[in-house]
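Annotated compositional bias 'Basic and acidic residues' per TrEMBL: B:396-408, in sequence order. Among the features that TrEMBL reports, region 'Disordered' is placed at B:385-408. The transmembrane segment feature in TrEMBL is assigned to B:12-29, B:49-71, B:91-116, B:123-144, B:200-220, B:247-267, B:287-312, B:324-347, B:353-374.
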Amino acid sequence: MGILEVKNVSKRFGGLKALSDVNLSVRENTVHAIIGPNGAGKSTLLNCLIGKLIPDTGSVMFDGQSVLGRKPHEINQMGISRVFQTPEIFSDLTVFENVMIPCFAKRDGAFRMHAIGKTSGESDIIEQAERMLIDVNMQDKRHVQASSLSRGDKRRLEMAMCLSQQPKLLLLDEPTAGMARADTNNTIDLLKEIKAKRDITMAIIEHDMHVVFSLAERITVLAQGTPLVEETPENIKGHPKVREAYLGEAQV
Amino acid sequence: MHGTKAKDTTLLIVVAFMTMFAPFLLNPFPAGSELAQFNAGYPDLMQRFVIFGIFAIGFNILFGLTGYLSFGHAAFLGVGSYSAVWMFKLLSMNVIPAIVLSVVVAGLFALVIGFVSLRRSGIYFSILTLAFAQMSFNLAYSVLTPITNGETGLQLSLDDPRILDGGGPATSLPVTNLFGWEMRESTTIHAGAWSFDLSVGYYLSAIIMLACFYLSIRIFRSPFGMMLRAVKSNQQRMNYTGLNSRPYTLAAFVISGMYAGLAGGLLASMDPLAGAERMQWTASGEVVLMTILGGAGTLIGPVLGAGFIKYFENIFSKINEGVLHGWFAVMPDGIEDLLVAIVYPFVGKGWHLTLGLLFMLVVIFLPGGLVEGGQRMGRFAFRRRDRKAGPVESSAAEKRAASSKPAE
């Protein structure tokens, strides 16, 4: 039984069948990669997990509870955080405030009215946020406005924000898209470090096979809305179905 | 972070000083001199400065922090005024119960309107609030005449019950007061050619405005204020961070509605009558102008904007043709007439034209409002002084300029 169980999920957009009968099981404390050609339905699947889309049929269970019909913030409070393809951060706020907000969300829940106390008086939150910034090596940029960060730093910041919530499951949507090779390697190292430091399950959508094969313990290949195979990285490389999906080769 | 704290304290002290000495600062010209018409230090106008300051401070908590642009805030102002006048009619001429009731009623009203309107964001939210305000205006104007007295407006009358003051057979209308201090009471100080009016009503309003300003500083710097800025910055990320943005925006909406109700209650306390036109969309638009002109999202901006617009409305509009002829009298006749003809459309009844042009200039060249203008001027002055001082200090000046930018 995995921490995330997706059963028979289908999703249609008008006449387009984006997902049909997807089954996926992500085991606790593993890094699970979901790969597939463009239009395979990877992002749709992710959106169904975080409450952005509601699947037409099927069930999504996380940690023994269904996530369907819950609002995004409720799903997040259950322990699922997501890193987006283009970093979603609070760009008008400083780096430090960006990290403080998820710390508050973790401590106080979805809403708490503390309108009179000072932000700078919340010592436990400040301490937590500071530790997180050190973890991702951004402590020297704490007073910088987030919009002026480089793309790589925005990504790191978004990851720090997600990790501040101590999620059980971290969803990563192409975490290295548009990055230079050096930045990609930094991100791989960062993710490995995160994985080594804490109990966390990760599901990664990725195009870059270098990233996939350096991180993933299980790989699911998705094509045209259906999962083709689920295997370990060693077995996936030469898999005939995968070759067919990517290269259009006839099956031998 | 300690830097912002010190800056906030300084700002609060400066504003306290300005409001407490406003009767002197706003009367720089000797009474009876030709420039005396530019004096703004008479109680009626000063009260408007601070009361609309409260209105704009509250509006800024919603618009400046969350970015939700309400076009219906005058409804809360009007509701506050009606509540206050009813309190004067039924209970007592003391302003305290009137002000308390106006805040409470406006808060409840904001809760209902906010609950519905905040289901949408952006332009749809603005339209919804506008629709609600126009609905309230029309109701007050016609259907609810028993409560609002329709187009005449709600006024005091001699046979009001006034339970606490014990109505009785009065020969003249009673006056609003605070435990015996009448609101319209004022002392005039003569100093040489100058004269200054110190009125009870103004000082009460000013003290309440200072309290409101202090509260808004606290909200801006609190975790709640940070969440509101997060709503403006990226609502999607906020929801995917486990925060429910709806109660945050609703709380901000209700708080700003209560500020507006307080302003309405104070307006009625200074002059106990309430009319439906206070709820009209032009009044809602005015507070938007004040906030943007002064600088949305800054602490002091809305107060500046309110003062600026009210000064224009009351002083600039008084410059008529006669005054203009007086100014240009030194010119030869033909040129005098020409100059008057050119300037005339922009003053007097045409003050809206000047205000509109100013507003355009501010929005185009100073998106941060008058506050940004002040900061730029300050930075310019610092840089020049430091350049003279030598290269060593100029780097310090740059640092100062950089650090002053994100703060207000």
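Numbers run from 1 along the shown chain.
Keep in mind that glycine also has a Cβ here, set from the backbone N, Cα and C atoms.
Quick caveat, the model's predicted, so the values are computed rather than measured.
Panel annotation: around the transmembrane segment (B:200-220), residues 8, 11-12, 15-16, 19-20, 22-23, 43, 46-47, 50-51, 53-54, 57-58, 60-61, 65, 95, 99, 178, 181-186, 255, 259, 262, 266, 269-270, 299, 303 of the same chain, lying at least six beyond its termini, place a Cβ under 8 Å from a Cβ of the stretch. Sequence-distant contacts of the transmembrane segment (B:91-116) (same chain, at least 6 residues past either end, Cβ-Cβ under 8 Å): 72, 75-77, 79-81, 83-85, 128-129, 132, 162-165, 174-179, 183, 204, 208, 249-250, 253-254, 256-258, 260-262, 264-266, 268-269. Long-range contacts of the transmembrane segment (B:49-71) within the same chain, counting only residues at least 6 positions beyond its ends with a Cβ under 8 Å from a Cβ of the stretch, are 19, 22, 40, 77, 117-118, 121, 125-127, 129-130, 133, 202, 205-206, 208-209, 212-213, 216, 219-220, 225, 228-229, 231-232, 248-249, 252-253, 255-260, 262-263, 266-267, 270, 281, 284-285, 287-288, 290-291, 294, 296-298, 301-303, 305-307, 309-311. Sequence-distant contacts of the transmembrane segment (B:12-29), counting only residues of its own chain at least 6 positions beyond either end whose CB sits under 8 Å from a CB of the stretch, comprise 35-36, 38-41, 46, 49-50, 194-199, 202, 206, 209-210, 213-214, 217, 300, 303.
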